[in-house]
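Below you'll find the structure, written out as structure tokens, and then a few comments.
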Amino acid sequence: MGLKVGVVTARFNNEITEKLEEGAISYLESCEGVEIFAALVPGAVELPLACQAFLDAGCDGVIALGAVIRGETSHYDYVCNSVTDGITRLMLDYKKPIGFGVLTTENEEQALARAGGAHGNKGEEAAQVVMEMIGLTQEIPATLKTALMMAKPKAAKSSKAASKTQKKKKKAKK
């Protein structure tokens, strides 16, 4: 049984997001048994809806990639909060991991440094996180089920059997 992983990439700031996507897909291709599904969306705000579509279609996890660079207005703050809140809600609602590869930087230089530059490739890192979390979220229920089965209490004695045991103990004391 292979894993299905979606990769959703925002086109806005595509010089940066293409590099994030390359890092994510390259990492996923190195993982055995992973089927990759990819989609492009106009911008970061649209990432949660596309992630939801992949989860609805049966993906085991999704990677959200984008680059939000601060401008002169407060729009940056609204976009960052909207995307973060949307993706977090989806993870909790669907109980499936979404790798957060959305850069939120002060300038283009910082973004490029995190898209394969001096600070690594955050797209690749988001893919690593998704694969780790898919494994963990599949492992925890199985581990818990095993632990619960091993910890099952022994069946309690019936009230008649308990009463007989108490009578035997009293006779033994006399």
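The backbone N, Cα and C atoms fix where each Cβ goes, and this holds for glycine too.
Note: TrEMBL annotation is automatic and uncurated.
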Per TrEMBL, what member of Phe12, Phe54 joins Ala44, Val45, Glu46, Ala67, Val68, Ile69, Phe100 in binding 5-amino-6-(D-ribitylamino)uracil at one site? Phe12
Largest tally of Cβ atoms lying within 10 Å of a Cβ, found at which of the recorded positions His75, Arg114: Arg114
What whole-number Å value do you get for the CA-CA distance of Phe12 (5-amino-6-(D-ribitylamino)uracil binding site) and His75 (active site, proton donor)? 14
Cα distance, Arg114 ((2S)-2-hydroxy-3-oxobutyl phosphate binding site) to Ala67 (5-amino-6-(D-ribitylamino)uracil binding site), nearest Å? 10
